[in-house]
Structures are given as C-alpha cells and as structure tokens.
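According to Swiss-Prot, the protein has these features:
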- CYS156, CYS159, CYS213, CYS216: Zn(2+) 1 binding site (BINDING)
- CYS173, CYS176, CYS199, CYS202: Zn(2+) 2 binding site (BINDING)
- 7-73: domain 'J' (DOMAIN)
- 156-163: repeat 'CXXCXGXG motif' (REPEAT)
- 173-180: repeat 'CXXCXGXG motif' (REPEAT)
- 199-206: repeat 'CXXCXGXG motif' (REPEAT)
- 213-220: repeat 'CXXCXGXG motif' (REPEAT)
- 143-225: zinc finger (ZN_FING)
Amino acid sequence: MKREKKDYYEILGVPRDATQEEIKRAYKRLVKEWHPDRHPENRKEAEQRFKEIQEAYEVLSDPQKRAMYDRFGYVGEQPTYQETESGGFFEDIFKEFENIFNRDIFDVFFGERPGQEEKREYARRGEDIRYEIEVTLSDLINGAEIPVEYERYETCPRCGGTGVEPNAGYINCPSCGGTGRIREERRSFFGYFVSERTCERCGGTGKIPREYCHECGGSGRVLRKVRRTVKIPPNVEDGTQLRITGGGNAGYYGGPYGDLIVIVRVKPDPRFKKSGSDLVYDVTIDYLQAILGTTVEVPLPEGGTTMLKIPPGTQPETVFRLKGKGLPNRYGRRGDLIVNVHVEIPKTLSREERKVLEDLAKKRGVTIG
C-alpha cells in the first residue's frame, strides 16, 4: 500500500532551509493556533490539523529524521526497490541507509541483533561544556576565586524536562500502535524476510506526547546564562583542566547534567620565568655597581617589591636566591625567587672615564691597549 506523502515544511509554513529555531517558533505558534480546545465548533478538523503539526515537528526537529525526509520524502517504512541484475543500484541504497541511520543494512533486513541497545529518547546525560579561564601569577600564590559567565541548557521550568506540555499527557504512538516495535516485511537478495525493529518515532516506549512543551519545543531544555565562581587552586600549571560536576548542559528528558570543564591558562608575566614552584628574575647592573656594590629593587609575584643587596665584586651571571618568594608547591610550601645578575660593560667611554680607568689599570699593574 503506497503511503501518502506530506509536505512537512508546508504544514509548518517554513522554507526547506529553515533553521531549528525557525522550525521551533513556527511549531509554537501553530500548536497554540490549532489547539482543539480553541475550536469547539470544528474540533475534528482542528484535531487533524493539530496531529499533522505534531508529526511535522517530530520529523523536522530531529536532524536524522529530517535528513531522511529531505532525501526520500518520508520517514518510517522504506519503499520497495526494483531489483536489477547489476549490484550498483542496491549498493547505493545500502550506503544511503548507513549514511543516514548509522545502521548496518543487515539490521534493517533481519532486525536488531541480540543484545543490541534500543534507541530511546529519554534520560540522556547532558553535554560537557569547556570554558577557558585566564589567571595571573598573583592568582597562583594563594589560589583565587574567579567569577565566570557562560551559556548552558537548563531543565525547562515549564515541563520539568519531560518535553511534554503540562497536563497534555501521552498517546499511543501511531507508527507502532503502542507496541514500541515496527514489524517489516522485505524482499532482499536472499528472499522474503520479516523483521522487527525499535520504533524510531517513540524510541521503543510506545508513547508519544499528545502535545510538546510550548517553552522548550519538546527538547526538555532551555538556553540560559549562568554566573558562578570557579575556585583556582594555588600554582596550577598552564593547561590544567578542572572538572565541575553538574556545571554543564542539562540532560535530555530528565537525564543528569553534564560537567563544566575549566581549562586554566596562566597569563605570561614578562618579569618572570616560571620553573616549577620557582620564579626566575633577570636584573642588569652597571659594571661599576658590580665592582663597588649596590642595592636593587626586585618585584614580587604577589605585588610589591623587595630590596636585594648586591655585594662589591659581584661577578657577571651571579645567582641570588630569595627563599620562599616563589610560588607554592603541591604541599603549600613556596618555592624561591631566583635573581640572575647580568653586568653591563659599556662599549664607549668618555675621555675622562677612560683616563680614570687607565690610571687605575697602571696602579693595579694591568696591561691594556
């Protein structure tokens, strides 16, 4: 028996390239307009129109079902194909099935294999959300609490995540008659076969909503902005991932929330180089300061500065270690601030400077020139 083809796009009044948001808006508008309770004088026609709107939305709101509808013009039972002597035609058909359904063609001919899970549209976990956060070296000293804002899907407050309009209830699935299974009779290369598969329209439950939720369009989720505070532990490494349980998207149809995965990025500080829990700071002094001694100002990662005394006769590339001025390690003990001292030798001298140095060289018996 040949199936009557319906133009679901025409039923919802949307173009064939309509986005999911446009389809959802059209559905919300039409279910309100054609709800049978609003047409008591012509209830039978309204009920038929209402069912068509529901059926069209079920197909066009599901990317997989919509892809099949766009290719073949229907969803559900498959048409009977003419057998030919060349295998090319059937190979193309098999590929179409596998591309669209991600199912082995033999599952279609012989039914689902033992132990194979049924596809259900309920209680699926929500997706994880990945969020990058930038911290400074000062945040790594004692840890930090950083406010973040992001968008996530939350459980629909109108339907409580069921996807069903409140008080609408369920009806038997018209595709499977409430059994949750579809019986198929097919002709193949191997003969005539009878198979059973899970009903794709109801996910094997045998029931479908009488009316989808007007707030979420049947998904059970709505998009919301979320503000929360993320705790950053001391001295985390760049690229560290922190998992916040339940901080991701809401599950489908009452399923659990996914997680928020915070990826920590440590903002480079041009003053320091990080080496584990130690910090390295480079300072350059004049050769006279190295000879005579001096005091230099050294910045601290948490802010402020400390004074470092450079003794007379300090050699180039001398290293000074300021204990406990670095970053905390995993046990809470702070590393060191390592100061590398570079000595700058002037490339040019004034006459007076050269005269003074030459006199000094003679006194010290140093050969020059």
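From the backbone N, Cα and C atoms, a Cβ is placed for every residue, glycine too.
Bear in mind that the values here come from a model prediction, so they are computed numbers and not experimental data.
In this structure the alpha carbons, written CA, of CYS156 (Zn(2+) 1 binding site) and CYS202 (Zn(2+) 2 binding site) are 20 Å apart.
Reduced to three states, the DSSP call for CYS173 (Zn(2+) 2 binding site) is coil. Here the repeat 'CXXCXGXG motif' (173-180) does not touch the repeat 'CXXCXGXG motif' (156-163). Their Cβ atoms form fewer than 3 pairs under 8 Å, with each pair 6 or more residues apart. Within 8 Å of the Cβ centroid of the Zn(2+) 1 site, not counting the listed residues CYS156, CYS159, CYS213, CYS216, the chain contributes PRO157, ARG158, GLY160, GLY161, THR162, GLY163, VAL164, GLU165, TYR212, HIS214, GLU215, GLY217, GLY218, SER219, GLY220, ARG221, VAL222. The DSSP secondary structure for CYS216 (Zn(2+) 1 binding site) is coil. Neighbours of the Zn(2+) 2 site: apart from CYS173, CYS176, CYS199, CYS202, residues of the same chain with C-beta atoms within 8 angstroms of the site's C-beta centroid are PRO174, SER175, GLY177, GLY178, THR179, GLY180, ARG181, ILE182, GLU200, ARG201, GLY203, GLY204, THR205, GLY206, LYS207, ILE208. A separation of roughly 24 Å, to the nearest angstrom, links the Cα atoms of CYS199 (Zn(2+) 2 binding site) and CYS159 (Zn(2+) 1 binding site).
Here the binding-site residues are CYS156, CYS173, CYS213, and the one with the most other Cβ atoms within 10 Å of its Cβ is CYS213. Around CYS176 (Zn(2+) 2 binding site), the same-chain residues at least 6 positions away in sequence with a Cβ under 8 Å from its Cβ are ILE182, CYS199, ARG201, CYS202, GLY206.
The two recorded residues CYS216 (Zn(2+) 1 binding site) and CYS173 (Zn(2+) 2 binding site) have their Cα atoms spaced 21 Å from each other. Residues 24, 27-28, 31-32, 57, 61, 155-159, 161-166, 250, 252-254 of the same chain sit 6 or more residues outside the repeat 'CXXCXGXG motif' (213-220) yet have a Cβ under 8 Å from a Cβ within it.
Mean per-residue pLDDT, taken over the repeat 'CXXCXGXG motif' (213-220), amounts to 87. Broken down by DSSP into helix, strand and coil, the zinc finger (143-225) contains 0 helix, 41 strand, 42 coil. A distance of 17 Å separates the Cα atom of CYS213 (Zn(2+) 1 binding site) from that of CYS173 (Zn(2+) 2 binding site). Separation of the C-alpha atoms of CYS159 (Zn(2+) 1 binding site) and CYS173 (Zn(2+) 2 binding site): 20 Å, rounded to the nearest whole number.
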